[in-house]
């Protein structure tokens with residue numbers, strides 16, 4: 001992928017950009033084989049790639065500069081700003097949004113936050129696009145609620161320029177730290193969730209719910225999990241760390257009993273909305289800690305699907321799964337190193353299938369899906 005920002009030495013986020021996508025995929029596949037050394041794998045499925053550019057559905061922009069000339073991008077460690085509006089990972093549809101937002105910031109009087117001086121209001125812009133209908137969600141991350149009245153007053157102009165903005169919020173992040181968002185979310189539109197659809201499954205994106213940033217590859221990941229579960233005798237399933245329910249909603253059938261657990265209430269609200277649209281009455285989603293939920297249950301499902309953050313599921317949950325001994329475990333991971341550690345804590349399971357998904361091109365990161373069967 002050609003990138004003017006990389007060529008100019010202004011951005012090094014895509015550290016593997018000089019390698020072809022095939023070379024990247026080969027290196028990632030070799031890394032996964034290395035991490036699973038000593039763990040017999042019955043079936044290595046072909047690695048799945050995707051587009052090398054314009055694939056991201058989300059932009060996270062630090063706002064710097066002045067209110068008259070704001071700059072969207074990132075800050076180097078020395079505080080030097082870099083404009084990332086031309087990043088080739090973003091779809092072409094983002095450019096007109098960035099262009100309209102620059103004069104809007106002046107209209108609304110949203111002074112960019114100055115890290116060195118600890119002054120200003122606008123810290124970040126978070127933009128998400130739906131691949132389903134092109135609708136967008138825009139979040140203004142502010143230091144305080146001081147400029148909310150001005151922001152609301154200026155919004156009609158912005159919405160006239162950008163009718164694709166379906167959900168607009170102000171997130172309040174008062175702490176002087178590199179934290180992307182705060183706990184308080186103030187909706188500035190009637191619509192509060194962005195509609196998305198993968199493989200004919202309705203999904204919803206809310207401001208504080210995690211959603212994969214590479215829709216093309218994510219849809220194939222969910223479809224693969226659905227196909228694997230469809231070949232197994234599963235009538236009762238848990239979906240732990242379920243997020244907005246992508247895995248569970250793909251895998252569920254009208255006859256299946258499924259419980260999805262996720263700590264974030266916003267994500268659970270999305271999952272419940274999707275289940276209602278699909279008419280799946282035996283799906284139950286709850287906002288709980290996944291480990292605490294699992295270890296408090298007395299019944300054993302046929303299959304447990306886990307999709308933890310980078311730290312993995314950890315030894316306590318591994319030990320409980322080993323004791324509970326469901327017939328099948330599907331492990332989706334964005335960190336194969338912690339996944340391999342967790343699998344080694346499940347000695348009574350064999351690896352039936354493994355498949356790598358290149359969710360993060362031009363970096364060393366990837367997603368992996370693993371099917372474990374009880375011995």
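Placed from the backbone N, Cα and C atoms, the Cβ positions cover glycine too.
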For the [4Fe-4S] cluster site that Swiss-Prot describes with 3, 11, 14, which of these is also annotated: 85, 87, 242?
87
Looking at Swiss-Prot, 212, 241, 262 are annotated for S-adenosyl-L-methionine. Which of 171, 307, 335 sits in that same site?
307
Long-range Cβ environment of residue 14 ([4Fe-4S] cluster binding site), under 8 Å and at least 6 residues apart:
1, 3, 6, 89, 361, 362, 363
Give me the Cα-Cα distance between residue 212 (S-adenosyl-L-methionine binding site) and residue 87 ([4Fe-4S] cluster binding site), rounded to a whole Å.
19
10 Å Cβ neighbour count around residue 212 (S-adenosyl-L-methionine binding site)?
23
Quick one: of the recorded positions 11, 87, 334, which has its CA closest to the CA of residue 307 (S-adenosyl-L-methionine binding site)?
334
CA-CA, which of the recorded positions 241, 262, 334 lies nearest residue 87 ([4Fe-4S] cluster binding site)?
334
Note the Cβ centroid of 212, 241, 262, 307, the recorded S-adenosyl-L-methionine site, then list each other residue of that chain whose Cβ lies within 8 Å of it, in sequence.
210, 242, 243, 244, 246, 247, 267, 308, 332
Whole-number answer please: how many Å between the C-alpha atoms of residue 334 (active site, nucleophile) and residue 241 (S-adenosyl-L-methionine binding site)?
13
